[in-house]
Amino acid sequence: MGSLGRRPWVGGLTAGMIVVAVCGFCFSTAAAAPTFGDNFEITGAEDHVKTSADGQTWYLYLDNKTGVGFQTKERYLFGWFSMNLKLAGNDSAGVVTAYYMCSDVDAAPQRDELDFEFLGNRTGEPYIIQTNVYRSGVGGREMRHSLWFDPTADFHSYSILWNPKQIVFFVDKVPIREYRNSDKPNTFFPIMKPMYVFSSIWNADDWATRGGLEKTDWTKAPFISSYRDFTADACSWGTSAAAASPPSCAASTGNSWWDQPPAWALDAGQREDSAWVARNLVIYDYCDDRKRFPSPPEECLLRTTSS
């Protein structure tokens, strides 16, 4: 198999899509498909989670009592992480669905984190997708985008490529954000701590929609987010936070496809897609916020695409 076939992140608006899963959760046609429960455990109210008959799709419910979430049983350091989501529809103002990676299960003060957050809105108004990066408990690297489709009408893929050279956030294989490391290295690049994969749905009407002006309409509850087709083509660190010695695949240069030069930077087609996103879909970019950052943070200068 050539290197291209081992890159599930290839594809998007202009590049051809080639997706070959090479991961611990993959299975042959003769094997039974792993269920969501094989990979995840529920965090929160178990009666707010429903599962399809085949165990392949999970539904998270939010009502005026509580939300709910789940997390992987494994931790990972570097790789490709992808999930298909269908977001809560109708009037979802105040509702946030999160799909993210975090080094700690309890949002510890020194955590590393990579975030997708989907901010609900009033009926007829588009969802906003917010991404963020944390290093040692410090975030503030928010970007907000609109989407080119209705994320409540069908499932779409949301993915993260993470290796020692770059972090890229993808929507349907389109790179909407690159966050690069450098040879120095970039002091705000999460690189040392393995992370779990999480998702959750909760009420955030104090800030999520128009800065908290739009409140959750509980007459529209329950709000339901749906999940399926999780892929972690990645270096598994195991389940114990106390695990002392890293696995061999956690080396900064190794034999895995995400450690190889083709995965170290966006290719020409992806840069073209990323530039289109920057021109048409960016709502907020912390790199351009001179009130917060009189000088752009160091990682802003490492981007390979711009509008």
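Note that Cβ sites are derived from N, Cα and C of the backbone, with glycine treated the same way.
Annotation source TrEMBL lists signal peptide at 1-32.
The domain 'GH16' annotation in TrEMBL covers 28-227.
In sequence order, Y100, M101, C102, S103, N132, V133, Y134, G139, P190, M195 constitute the residues six or more apart from E113 (active site, nucleophile) in its chain with CB-CB distances below 8 Å. Residues or ranges marked as active site, nucleophile in TrEMBL: E113.
The Cβ of E117 (active site, proton donor) has 19 other Cβ atoms within 10 Å, all protein chains considered. What TrEMBL records for E117 is active site, proton donor.
In this view, N121 (N-linked glycosylation site) is surrounded by 19 other Cβ atoms within 10 Å of its Cβ, with every protein chain counted. Annotation comment: TrEMBL describes N121 as N-linked glycosylation site.
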